[in-house]
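Novice: Grabbed the feature section from Swiss-Prot, which reads as follows:
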- 3-166: domain 'EngA-type G 1' (DOMAIN)
- 9-16, 56-60, 118-121: GTP 1 binding site (BINDING)
- 208-381: domain 'EngA-type G 2' (DOMAIN)
- 214-221, 261-265, 326-329: GTP 2 binding site (BINDING)
- 382-466: domain 'KH-like' (DOMAIN)
Amino acid sequence: MIPVVALVGRPNVGKSTLFNRLTRSRDALVADFPGLTRDRKYGQAKVGEHDFIVIDTGGIDGSEEGVETKMAEQSLAAIREADVVLFMVDGRAGLTPSDEAIAAHLRKIEKATMLVVNKVDGIDADAASADFWQLGVDEMYQIAAAHGRGVTALIERALDPFFDNLLSANNEGEIEDLTDMEDEDAEQQEYSEEDAEESLKRLQDQPIKLAIIGRPNVGKSTLTNRILGEERVVVYDMPGTTRDSIYIPMERDGREYVLIDTAGVRRRGKVHETVEKFSVVKTLKAVEDANVVLLVIDARENISDQDLSLLGFALNAGRSIVLAVNKWDGLDNEVKENVKKELDRRLGFVDFARIHFISALHGTGVGHLFESVQEAYRSATTRVGTSVLTRIMKMATEDHQPPMVRGRRVKLKYAHAGGYNPPIVVIHGNQVRELPDSYKRYLMNYFRKSLDIMGTPIRIQFQNSDNPFENRVNKMTLSQERARKRMMSAVKNRKK
């Protein structure tokens, strides 16, 4: 499972700066759920090939209302969700009573905690950190989050228990250095046909992992119990921590599934609870582990930013998507038309995803969801050969030629599969990285239409074909040199 790192500390110690530094390496979800998660922000970060979730808690001022009250509202929940807690202090401001109060509380909690002294740039770091030894820590880590100094080493140490090979990967230069990181996206990973085949083999003959996600009280639990009830699977509560989703194997129409329940499967008598527990971490973990994501939306409420944030995270993770608009029963025709218009307006960027209008409570339309789930999974995992992809690429360029770049037309040579779930098409050619985004979108839509891909995002990667003779001096043979001398002599004689 993907590890979770929580940033805890009093206000203005640099938690948000470190949070932004860690999450900007990917265009990842930064979800803010006011009222539900208080002031906590959740983001996805990556070090090398390893993903993790980072939580930015609100500032804790233990000297005013007491640590217990403050943490109970925002940070205590984050600490429970986390695998590692980074307790941040300000090296320039020195030790404060708030720091001492927070440290005293953290000592009572059985959670891996690391003391991080921030803002040590431009000062004597050891002298600035000396007072913090009073907090009774075994070791501390000095960083400058604003510049990224010490951040990579800190994260390596924090994640080391979860990824034993993380430090060895760093020695091989595989871990991205977060120091003075630019805002521009990291270079795209190069994919080979061998990578694609290996990816496909892992997916074949595996049960489809289906994650049901959505904001609180949209009907996730009702839908989960409806699905399990139809399949006559025993509904049970599995023990685990608050951040663990429940994995329920099931079978439908001869196809095996693993249902990832983020809401918590309830016994039938408890389905109608009015308050539903909601964990962002649980949802993000479920999306990362799923093949297909079923996003449940409440038809009786407008599409919210939370809905879009969850959808955006699923897209960034490359997951297949099916949309279920719940509580459709009982709405009059005028309201239904308005809901459909709102869906078209706000969800136009996922026009490849099937939308189902259902009633989880009464079971209307629930059975058809699995038709779209299978279609999306099939689209994400169908093998496509190099010859087919190259032919589609040629057809696309014939219908609409690539643009000119510095007086030369971009040339696309061939295409092959680079991966599955999501499908990745790798296109080789000259100056391909100079292609404008509009033409890249054209190619993506052309491949989607030609391959009849539904329910899954598709990614296009571009690789420049290197010229083997570039920067090589062209040495002439002896016969070529004699011919050149004769030609030059003839030119001189003609001038005379």
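Glycine residues also receive a Cβ, built from the backbone N, Cα and C atoms like all the rest.
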Novice: Tell me, how many other CB atoms lie within 10 A of the CB of ASN12 (GTP 1 binding site), whichever protein chain they belong to?
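Specialist: Here the count is 12.
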Novice: A 10 Å Cβ contact count, applied to the binding-site residues THR57, ASN217: which residue has the minimum?
Specialist: ASN217
Novice: Rounded to a whole number, how many Å is the Cα of THR262 (GTP 2 binding site) away from the Cα of THR57 (GTP 1 binding site)?
Specialist: 22
Novice: Measuring Cα to Cα, how many Å separate GLY214 (GTP 2 binding site) from GLY9 (GTP 1 binding site)?
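Specialist: Roughly 30 Å, rounded to the nearest whole number.
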Novice: Within the domain 'KH-like' (382-466), how many residues are helix, strand or coil going by DSSP?
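Specialist: So the domain 'KH-like' (382-466) is made up of 32 helix, 26 strand, 27 coil.
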Novice: Nearest to LYS220 (GTP 2 binding site) in three-dimensional space, by Cα, is which of the binding-site residues ASN12, LYS15, THR57, VAL120?
Specialist: THR57
Novice: Round to the nearest Å and give the CA-to-CA distance linking VAL120 (GTP 1 binding site) with ASN217 (GTP 2 binding site).
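Specialist: Here the two Cα atoms are 45 Å apart.
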Novice: How big is the gap, in Å, between the Cα of ASN217 (GTP 2 binding site) and that of GLY9 (GTP 1 binding site), rounded to a whole number?
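Specialist: With distance taken Cα to Cα, GLY9 (GTP 1 binding site) is 32 Å from ASN217 (GTP 2 binding site).
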Novice: How many Å separate the Cα atoms of ASN12 (GTP 1 binding site) and TRP328 (GTP 2 binding site)?
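Specialist: A Cα-Cα distance of 46 Å.
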